Amino acid sequence: MKILADENMPYVQELFGDLGTIETVNGRELTSEQVKDADVLLVRSVTQVNESLLGLNCKLKFVGSATIGTDHIDTDYLASRDIPFSNAPGCNATAVGEFAFIAMLELINRFGGKLRDKTVGIVGAGNTGSAVAKCLEAYDVTVLLHDPVIQGSDPRDFIPLDELIARCDVISLHVPITKTGEHKTWYLFDEVRLNSLQQGTWLLNCCRGEVIDNRALIKIKQVRPDIKVVLDVWEGEPNPMHELIPLVELATPHIAGYSLEGKARGTYMLYQKLMQILGKDADKSMKSLLPALWSAQLDIESIPSEKSLLQLTRFIYDLRDDDELFRKTILDNSSKNAQVNYDNNNGFDLMRKNHKHRREFSALRLVNTGQSDVNWLSNLGFSGVGQ
Ligand SMILES: NC(=O)c1ccc[n+]([C@@H]2O[C@H](COP(=O)([O-])OP(=O)(O)OC[C@H]3O[C@@H](n4cnc5c(N)ncnc54)[C@H](O)[C@@H]3O)[C@@H](O)[C@H]2O)c1
Ligand SMILES: O=C(O)[C@H](O)[C@H](O)COP(=O)(O)O
């Protein structure tokens, strides 16, 4: 069996090695010629899987995408050819939740105030949105949800988007990208909606770049410095609009979901699905793949301030490093190319390829050595305390 896998998918050899020959490929540049004799195709979000990619292949048994999003997959075409497909729903939700939580703590550190005093609105209350809410609620932050698709079938309370915009200090976006339908999300935050943001709103986008009209965002940010923006995803990836970058507080190259656990979970979910299709037992364990954190245990006496909480989260992941690298890589390249050449393909993709996967909070075991109650840190995701 020939298994063609994106080179940026960890643990493919460990999980699929027994099943056949593995060939790793650059997912963004994959051609129909390379795919034509594959039995299994494992992709990430940068590969458009459609008729033009699969047209020459008559033997494909499975296509898997180790991602939450499926906007790069022509599922109708796969269904028309009876090719089984699976993505990895929820695989990196914890990573996104922790990323957004850390980003909010970084903004507090930079601009003052207290996260506990903020009201945070989550747009899209599925896996990633709920993971952000879980972190915030563990820390007693007020969370409001907007999700017209599941409202009615989900027991949580939801409010309309305009109400959420009016009531929230922070808005975090977690919707899939959809171009049609009653609840389409393409440019959900268009110029009109961006203009309606309250004074001093913080807007985070960790879902898909085109949920925000990036040109309109540039226009508005130029006259509304009170709005603070965190962007992990960009319209037109891998070529973000350069003039937007200096207007953004924290800028990263679509890596909010890049925890080692999240990536391993993605590959593992595809392994489970393929084994099911092949009628075999999935007898490998995901846990055995993950190395221990370099310092797996920490003594915590108390969390005396939000700065200490930020310091604890920075122990796991210092978001400022990715932000700094992003600005250096994209903007340095752009000045060399005299602002006109937006082709930053390699810079953006290389940062993603070389990203040192951070760990999730759960990789760190906390030991409570003091009198104060730090058990709530387990609800935030850390291991040890309160368990
Ligand atoms: N930056 C990253 O690294 C990263 C990582 C994971 C996922 N993502 C992106 O985030 C998206 C969401 O991921 P998820 O796991 O939460 O998906 P999900 O399917 O679990 O949840 C998405 C939610 O959005 C809701 N929704 C749809 N249209 C809406 C609208 N118009 N307004 C409000 N809510 C709406 C859906 O009802 C659903 O509950 C993915 O589709 C993917 O594109 C990005
Ligand atoms: O949809 C997803 O799961 C995320 O956007 C994911 O983090 C994308 O990462 P990629 O597949 O491009 O490596």
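First residue shown is number 1, and so on along the chain.
The backbone N, Cα and C atoms fix where each Cβ goes, glycine too.
According to TrEMBL, the features are:
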BINDING   SER45, THR67, TYR258  substrate binding site
DOMAIN    112-256  domain 'D-isomer specific 2-hydroxyacid dehydrogenase NAD-binding'
BINDING   ASP147, ASP232, GLY257  NAD(+) binding site
ACT_SITE  HIS254  active site, proton donor
DOMAIN    289-381  domain 'Erythronate-4-phosphate dehydrogenase dimerisation'
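Features as recorded by TrEMBL, highlighted on the structure.
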residue : record                    : CB count, 10 Å
SER45   : substrate binding site    : 23
THR67   : substrate binding site    : 23
ASP147  : NAD(+) binding site       : 21
ASP232  : NAD(+) binding site       : 25
HIS254  : active site, proton donor : 23
GLY257  : NAD(+) binding site       : 23
TYR258  : substrate binding site    : 23
THR67 (substrate binding site) as reference: those binding-site residues from ASP147, ASP232, GLY257 with C-alpha within 10 Å of it: GLY257
Neighbours of SER45, THR67, TYR258 excl. site residues, C-beta within 8 Å of centre, substrate: ARG44, ALA66, ILE68, GLY69, ASN92, HIS254, GLY257, GLY266
For the domain 'D-isomer specific 2-hydroxyacid dehydrogenase NAD-binding' (112-256), the number of residues DSSP places in helix, strand and coil: 46 helix, 28 strand, 71 coil
Helix, strand and coil totals (DSSP H, G, I; E, B; other) for the domain 'Erythronate-4-phosphate dehydrogenase dimerisation' (289-381): 47 helix, 9 strand, 37 coil
Those binding-site residues in THR67, ASP147, ASP232 whose CB falls under 6 A of ligand 2, listed in sequence order: THR67
The residue listed as 'active site, proton donor' versus binding-site residues SER45, ASP147, ASP232 - nearest by Cα: ASP232
Cα proximity to SER45 (substrate binding site), best match among binding-site residues ASP147, ASP232, GLY257: GLY257
Distance from TYR258 (substrate binding site) back to ASP232 (NAD(+) binding site), taken between C-alpha atoms, in Å: 11
ASP147 (NAD(+) binding site) and TYR258 (substrate binding site), Cα-Cα, nearest whole angstrom: 25
